[in-house]
């Protein structure tokens, strides 16, 4: 028994050693560069999927194993760990740091919620819209962490309002208000005692009367011991949590910088197919925004129907008097917004820089008209989206935010320096260095697959799939990444699949974008489990949800997501990139139409 306890304690160490030894015959027996690279790929993939080692630590293994096997020199492997992607990420994190530091994100979220009203359906849509918008520019994790406390305050206010309404509506039998919720003296003693036993205060909520009606059923959430006055209150909490989690993920689909999977795909694609020049911030937004918008709306409808029922007549009924709960909800949102005070100089500057960055991204090379990059026609392709991000990012360290003052010995207050919008220390606290290393490891692994010939070997072995319809191949690959990303991190999943799907597309004579775009979008569809992605874990930690709630709701959102992506790849995305024709920028293939 003691032996098994030791195994349990050192299970990660034993698993790492076991994996390395079990896969070792692959390079020893075959003795080819392809087999050695495949060994590296399998070891890294296993550790990424199981997280036996931290993801960023596993990402450093290619820098050790590829030179040892003689696949790539160490200097070349090291160069893969810092690319254009990292410069873009640095600029975006500068923006995100300033937005969060000066509370611009709260102002945007609360203002959008105030605009849609306090009807439960419209309220959830308001939170989903504001969360998705913020997630376009900030990380999905940060967005969920910022918006969830606001949503929680609103939900608690609704529950408190319901308690207050029921308390004030409790009356004596003679019609007078019973503020203490006392029982009429005409009721016999047995009934009085019975009711008193049933009447207990709800912990965690501010009830002005101190008691609630004995008729209210208490429902307990086993996750955190929170009690809900009614089933509807519990369901509302569940709905709001899922709305925040899912919309923070869906919003990240829209921009290249919205989520790490989009950034990884863009860098990989532009590195592997440098002659394409068709993938930038503007083109990706045109591809993904319609899909994200449709998924967001359908997910909202699905969640409403699943938890509250979807009553169109109730939603669009004009001139209806607001309930006390809705008024209380509107009041808490208004109070939260008023706490921010009038908009400050720092928020205005951050917003202006944010708008300038977005406009420069969109206008660099829009495609349908010449962009500002044409001004540098002498150096085509030199200026990228990362150039814009770095330019704006540097301004956050330069533009003054407030003066720093000191008191002289004479008592006079004088300014001696100024503080910029963000400091390097603040930037470091926001910069996801683990993601930067993880992505670098993925790039190194992809380069190793290319150098060793493993990518070509995989492509040749997968070429029989060319007999299948292209839409079926896309559907299979989309379902595969959607399933895997539920148990593995999104960046690890896309990093593993890109070196496989690209050779597959080339081998079966299909435009690589035709397979890579749907697979990249589907990699973000981690909606089923609390551990599937950080936003899910954040909302799950509030204790309102059970795993079965997330599985039930997430399955529907997953189906919606894959269906919309398939619709997009067959309609507007095809027309944008001419996906039915094999492109000249893809290697070793002639321009023929795909089967």
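Every residue, even glycine, has its Cβ placed from backbone N, Cα and C.
Note that the structure is a prediction, hence the values are computed from the model and not measured.
Listed in TrEMBL for this protein:
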- 12-30: transmembrane segment (TRANSMEM)
- 42-69: transmembrane segment (TRANSMEM)
- 81-99: transmembrane segment (TRANSMEM)
- 119-138: transmembrane segment (TRANSMEM)
- 239-265: transmembrane segment (TRANSMEM)
- 285-307: transmembrane segment (TRANSMEM)
- 343-362: transmembrane segment (TRANSMEM)
- 382-399: transmembrane segment (TRANSMEM)
- 470-501: transmembrane segment (TRANSMEM)
- 513-532: transmembrane segment (TRANSMEM)
- 553-574: transmembrane segment (TRANSMEM)
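The list of residues near the transmembrane segment (285-307) in space but at least 6 beyond its ends in sequence, with Cβ under 8 angstroms from a Cβ of it, reads 121, 124-125, 128-129, 132, 235-236, 238-239, 242-243, 246-247, 250-251, 253-256, 262, 362, 517, 521, 552-553, 556-557, 560-561, 564-565, 567-568, 572-573, 576.
The stretches the transmembrane segment (81-99) and the transmembrane segment (12-30) do not meet in space: the count of Cβ pairs below 8 angstroms, excluding pairs fewer than 6 apart in sequence, stays at fewer than three. Tertiary neighbourhood of the transmembrane segment (382-399): same-chain residues 84-85, 87-88, 90-95, 97-98, 256-257, 280-281, 349-350, 353, 356-357, 360-361, 364, 373, 376, 420-424, 427, selected by CB-CB distance under 8 Å and a gap of 6+ residues from either end. Of the ranges 12-30, 343-362, 470-501, the one with the most Cβ pairs under 8 Å to the transmembrane segment (553-574) is 470-501.
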